[in-house]
Amino acid sequence: MFAKIALVGRPNVGKSTLFNRLIRSNRAITHDMPGVTRDRMEGIVRGRNKRPFGIIDTGGITLDGHAAVAEGPAGIRGFEAEILRQAEEAIAECVAVCLVVDGREGLLPFDEHLASYLRRTGKPVLVVVNKVDGIEKEDVLTAEFHILGFPVLAVSAEHGHNLRWLESEMRDLLPEEDEDGIDDDAADATAVAIADADAETEDGASASETEEDITEETVEDEPEAPLRLCMLGRPNAGKSSLVNALTGTNRMIVSDVAGTTRDSVDVAFEKDGLSYTFVDTAGVRRRSRITDTVERYSVNSSLKSTTKAHVTLLVLDAVEGITSQDKRLIELLDERKTPFMVLVNKMDLVPAKAREDGKRNFRDLLNFCQHVPLLFVSAKTGYELRSIVPLAARIRRECSVRIPTGQLNRAMEEVITRHQPPVVRRVRPKFYYMTQAESQPPTFVLFVNDADRIQAPYAKYIEKSLRRLFGIEHAPMRVHFRSSHKKNSEK
């Protein structure tokens with residue numbers, strides 16, 4: 001594993017903008033409002049013929065109203081303490097730290113407390129004075145930061161000033177004993193989960209794209225790649241708690257406050273010798289209830305993450321039941337043919353006598369997409385958590401199924417012989433042959449004399465038969481009917 005460097009500092013000093021600039025991607029949400037970043041995010045800094053290294057963006061370390069500024073990190077209380085804990089864990093993983101400060105605001109008491117705190121860690125520290133927009137301002141805006149006793153470098157994350165110099169200085173902080181010619185390919189092999197996330201850009205798939213566009217942009221068929229699982233759901237459904245429980249860590253900040261998670265955060269872990277990555281996302285609410293820009297960015301990032309995952313885990317609240325927003329998310333994933341499963345979390349809060357009725361209600365409400373697995377789980381007690389990853393791995397395998405044309409046509413003959421298509425307008429549809437057009441998800445095309453005569457119930461019968469014959473139980477599936485004498489006529 002290659003070395004990492006942490007970005008640490010007060011809220012709104014530009015850490016996330018700097019993070020995005022260094023990894024050359026827009027992964028971290030940035031906004032003028034302080035405290036946007038909460039959970040730590042990881043990325044890779046690359047350069048042509050340069051040694052790659054990891055960086056960790058941490059949440060802004062601040063004090064709440066119950067602590068005095070003079071207390072420094074030891075005085076942090078409440079929700080902000082979780083952000084500090086995340087930063088402490090990031091620092092422990094890293095070989096060095098960049099203390100990011102705001103050159104426009106100047107040196108503040110809390111910058112000094114953070115510097116003292118970082119000095120006690122024994123890690124090399126570089127003070128990065130951000131928001132310095134030109135060389136003519138460097139001496140004036142950086143002078144007072146030399147009192148901290150660390151090397152100082154002025155940059156502008158927004159305008160790109162001195163960023164190449166910063167990369168060079170950060171590489172100089174890496175331990176010499178690790179410099180053994182690690183190239184980009186080796187870095188990708190050791191951190192494929194982070195690398196996949198870094199590949200996301202602003203022009204990724206959006207909710208308005210067509211099914212075909214989204215299919216082309218989903219994960220390619222790469223059996224060796226670690227299984228990538230995206231957590232999706234309404235705010236406070238327990239997505240972060242599930243990630244922590246499944247990975248056996250406190251990687252994600254968890255609180256009773258809805259909307260705690262804002263960025264889409266990758267959490268890599270290993271189990272039974274295999275590598276996996278969970279992508280924890282911000283809660284998705286109805287557009288009419290989204291009142292600020294940060295939440296809008298978070299929701300867009302959450303939906304985009306589903307197109308970059310092998311399987312999406314849609315988390316519902318067992319106590320609240322299926323809401324209208326849950327139904328919209330299910331319908332959206334089903335329409336897009338996104339591989340997904342439904343996790344009904346917080347089963348520990350449902351009275352024992354009401355559990356069976358509750359499970360029955362969930363199954364009835366999800367009857368319109370019967371292929372989607374439904375698991376009842378509890379992040380708090382661990383109930384049924386061990387079933388999630390194996391089932392997700394099965395869905396991924398089913399999405400990669402490829403069936404030879406000859407085998408498909410023998411199956412089609414058997415299916416049609418068993419149940420002939422109904423006569424429509426005094427003509428019975430005649431089937432010629434079938435082929436698999438693609439996988440991810442499995443897509444089949446049946447050529448008939450007149451596709452317009454294939455009715456929805458019979459199309460459903462064909463799909464169910466294909467699932468039964470070829471063991472495609474939970475993966476999404478597309479079945480198209482094409483007229484042999486009508487070009488581009490599909491149903």
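Each residue, glycine too, has its Cβ placed from N, Cα and C.
Now, the feature entries from Swiss-Prot:
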| type | residues | note |
| --- | --- | --- |
| BINDING | 9-16, 57-61, 130-133 | GTP 1 binding site |
| BINDING | 233-240, 280-284, 345-348 | GTP 2 binding site |
| COMPBIAS | 198-224 | compositional bias 'Acidic residues' |
| DOMAIN | 3-178 | domain 'EngA-type G 1' |
| DOMAIN | 227-400 | domain 'EngA-type G 2' |
| DOMAIN | 401-485 | domain 'KH-like' |
| REGION | 198-225 | region 'Disordered' |
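Annotated features, which come from Swiss-Prot, shown on the structure.
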{"residue": "GLY9", "record": "GTP 1 binding site", "contacts (Cβ under 8 Å, 6+ apart)": "LYS15, GLY60, ILE61, LEU99, VAL100, VAL101, ASP111, LEU114"}
{"residue": "VAL132", "record": "GTP 1 binding site", "contacts (Cβ under 8 Å, 6+ apart)": "GLY103, GLU138, LEU141, THR142, ALA154, VAL155, SER156, HIS161, ASN162"}
{"residue": "MET347", "record": "GTP 2 binding site", "contacts (Cβ under 8 Å, 6+ apart)": "ALA318, ARG355, PHE376, VAL377, SER378, TYR383, GLU384"}
Greatest C-beta neighbour count within 10 angstroms, which of the binding-site residues ASN12, THR281: THR281
Cα-nearest neighbour of ASN12 (GTP 1 binding site) within the listed binding-site residues, GLY233, ASN236, LYS239, THR281: THR281
Helix, strand and coil counts within the domain 'KH-like' (401-485) (DSSP): 32 helix, 22 strand, 31 coil
Cα separation, THR58 (GTP 1 binding site) to ASN236 (GTP 2 binding site) (Å, whole number): 22
Per DSSP, three-state class assigned to GLY233 (GTP 2 binding site): strand
Pairwise Cα distance for LYS239 (GTP 2 binding site)/THR58 (GTP 1 binding site) [Å, integer]: 20
